[in-house]
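Q: Dropping the structure in here first, questions after.
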């Protein structure tokens, strides 16, 4: 029943005796785990080892022979050995001639060696057909069956047929092979499992820095200032009120920073009169992490929405409201409906809702499976057109929220303006410059430059 | 570091001298961009041009030769030239014999020519192996490295080996090849980048039309009517109150319209007694855009949720509540808890929450990566069973919201019923007809018809 | 226009006369539907039938011949016949020699026969190249064109070239072929369309059971108890208040149950001193459905969020609040701000928001398209590190919500503690044990065991 209750294409145990023999060099943890899984999937497995004696660790249905003997029993040999021991294969070159060698190794650091382990193996045993595979799967995952992340196995190799054979094994083990082309791709495949969200590092560190800055900024304005001047303890603002000031500020700034590099690139291209000169390195890197910046901004916006929606549930808010009502009732007076307030309040909330709604749409379109299903024109339409509309709505949301408080002196405590005022600087700059760039006198030459036209051809590399 | 910090499988620059030579005919923008990217990925690039002189625009590591000379240097020739100039290739037919010609061209309009550019190319140079590829990638994206949307490259061709060679180049450039089969697929591949959400046009235009209608409808009832009769200015209702009437109405109507065509199709099939007669064209088109209709409905439902949850934050609502409380306090009276109201209020909210929750589940299942992982039986279960439960819950939500106001004359202003009453028409029809169709006397023949049985065989085409 | 308005890669009708001939054995519903679709896509179709007479049901452009005549007209023969009639093919073996036979059959039960239908077919006609395909597509879907779920066609077969031919047909019909390797995969492919969310059964049934238990538990405490002792009718609590007690309780318990098996596995491994002994079966199954358990927990958490956010909109809550304010106003007293309450209220809400936010992040990462784009290291970081932070935040949210009510006797009605107290048992156990396991004296041996080290080698199988 285990088989049926799994949602993967695992193979039935009753196909055991139909599969070919596979040889595994090396009886370390990964070799044994792979061997175990292969036996489960119906392969005959022969281990090649320096000390060919069946230890209790080896799966009991497997044979253990010397390297040379084991290699002769199979057409496919999995090299589950560390790179530094590869040279023991040189004397076996004759036996390995024409065999498919599967390199499953990983390194400890990115780009540790000048050439990939698989290419090194191909140099050592020139007569063999080397295929890189399985390095993205962990031994623990293979044995425990919890293969949620690592179902994808990157395969590359120069020999089409050898690659096909390895991909069939991958499928038989219930994994998904992904053909990455020739052995030249091996270096990237070996670097892949060592990465830890490389594209996210900068956006997350940057936003953490900004968060820290605005946290202390708001702490001074909203907690320390009233404590010093009014001797009231609003320290509990740290839990919700201050986060709910920081989140919208960061969401707006980060969203504007997604569109700033595009605007800068346009200015640089207009100034240079060509698109064939490379952008400065920082701009290139910035442009490459725009998606991540945008998603971090969306995370802050979502937190802002949650923090805002819980406002009426908070004890402090309910307390404040009931004391106001009671004092009004005791003073026997009722305030009439202020139409301007009603307009301001409703329109800033409505702008925020629409902005957030479009922001979520942008986020959904950046999901890999969705963005793979739209073409370039559609992607540009969503990320550029809809993106600018989102930025305009969110900026307007903040401006209307400010209302007529921008000029009121009570908004400045110790000469510090409200945090939301600071957050408006970058988006306003982006929107103004973008607005200028839309004018035909600038848009036309820019379009021509992006189609390959050059003002001063000597600029190009 | 650029390489490691990127999340794509790009190839290292140090593999430069290992790749084969590729020839590019045409030194236009796309040809140069592709050449540039190929040189970065380690290929030798030779341009073929009418004026074989290295201009400053050409990547500096590339050679520029005449077409004939360039073609002889490579096994793969990329034709980066517009279709109308293809006939210059006819005199080169002998040199191009056996070569792989990669057609990268696009047209300006969908189905501009009777045959695809790639098929036209294959007719012109019958001895060559034509492969269609790269047309979905933009030159700008290739150069700027921002390949978020266009990572997928559709490849088709009649020669398997030629296709493999091109797919290897695609992978080497850090893109994802997608094999689309033989050259017959070229027309679709050429049409693909010209589309702009073709399936979304009708649902979006239709819902915009409905939105406009209900906006003016509510404007008359909720703003103009009180202004005329009570001389009160509720113009600020435009920001939140009226959108929050329109959104649920549209969500419900559109959701019902997702299930209406299925019901109509069943009636037509029962009437005709066969499934082998084609449906009318409008029904076919309607059925094809049900997913999009449903997602637009979900968008309106989400807006409705947001607009509803901000209600207690709005100034107008807080003002109204406090004036009510104050007037009660001043009149020294407290209303007792009305159990019926409590039941109505809580159950309409609860129905809405459950309906929205299932609606979001339906939306998640329609994400491409999720729906690719369910089989037909599971998809039908979710989209049909769960979908009808959602429709029932949302209709019940609206009915309970109405409560006993349906018959109250105050709900009719200028003889116009409340908008939510109008929204109930379509879903109620769908649910009633579906309920009738579930009866065995109708369900049994319908099931048999859908399995291929026919009442009057003469009907079939 | 039908073609352009579709977002699939369907082929144009004007390519009709370019395709090869395909033979279909069997004129049943699926055979006719497939034939119809193939004719639309430009293939010539010949039906093979016991009674070779064109019936009105057969698509009118197709020929109907005897089996032997039809087979001779095409290189590909689709066997659209039920398995029990396959033996009529034995006398045709000579004609079928070298042909590609496509097995499209499905069974009625999972693992109905010892070998798959396709393998059985290959045994019956050893000279033919058998390919399994099309079994995941329904006839109804083929004809109506509503192929949302079933676009993916699993293909397997031992002959590479035959498989390629079939995959080209799949693509030509606008479907996506997915190569599943050799014919050994046929059994899994045949089982696939019969499944109905096999991995979800246990988590959903389990949580329904728990829901029922907590529903009656809360019913007794919150509705029956006040009815008996205070004679007040709170039956309307069934709509929102009680669901909003059940949902957080279930979300927390299920989330803790996601991490419990990992902790149990660590204890078992530490006790045994090896990882090479299999876990008990129930633990294996439990570990395989952790993702589903987590997603059900997320569903309950989302419902909890919605139920909580609508609190201020409920009639009962507004009534209670205004009666409190009015009674305060009439008694001419105002409560001062209680700083401890403000801290408790704000921090429990803030913890809940942050916990839910991380929970949603975990949910997004488990979307197939997202988890396919992260490597094993990244997936472990998110699901393990972030997962535990989520569990800690949610547990803290519940603890702070309890505040100082844990010891108050009013929390115990009929000796029954509040439901949230029960919900804390499992998460607290998981967190305490996990905390103990982090200590170096336990973490070090565990890490070594997971890398393959063994304390008592005799334990291994």
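Quick reminder: no glycine exception, Cβ is built from N, Cα and C everywhere.
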Q: Can you identify, from A:249-271, A:318-340, the stretch that TrEMBL calls transmembrane segment?
A: A:249-271
Q: Averaged over the domain 'Pyrroline-5-carboxylate reductase catalytic N-terminal' (A:21-107), what pLDDT does the prediction give?
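A: Taking every residue of the domain 'Pyrroline-5-carboxylate reductase catalytic N-terminal' (A:21-107) together, the mean pLDDT is 86.
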Q: In the domain 'Ferric oxidoreductase' (A:249-394), how many residues does DSSP call helix, how many strand, and how many coil?
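A: For that range the per-state counts are 121 helix, 0 strand, 25 coil.
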Q: Per DSSP, what is the residue tally for the domain 'Pyrroline-5-carboxylate reductase catalytic N-terminal' (A:21-107) in helix, strand and coil?
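A: Secondary-structure composition of the domain 'Pyrroline-5-carboxylate reductase catalytic N-terminal' (A:21-107): 32 helix, 21 strand, 34 coil.
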Q: So what's near the transmembrane segment (A:386-407) in sequence-distant terms, Cβ-Cβ under 8 Å and 6+ beyond its ends?
A: 248, 251-252, 255-256, 258-259, 294, 301, 344, 347-348, 351-352, 354-356, 358-359, 361-362, 418, 420-421, 423-424, 427-428, 430-431, 434
Q: State the residues, same chain only, that lie 6 or more residues beyond the ends of the transmembrane segment (A:347-365) and have a CB under 8 A from a CB inside it; answer 'none' if no residue qualifies.
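A: Distant Cβ neighbours of the transmembrane segment (A:347-365) are 255, 294-295, 297-298, 301-302, 305, 371, 374, 379, 382-383, 386-387, 389-390, 393-394, 396-397, 400-401, 403.
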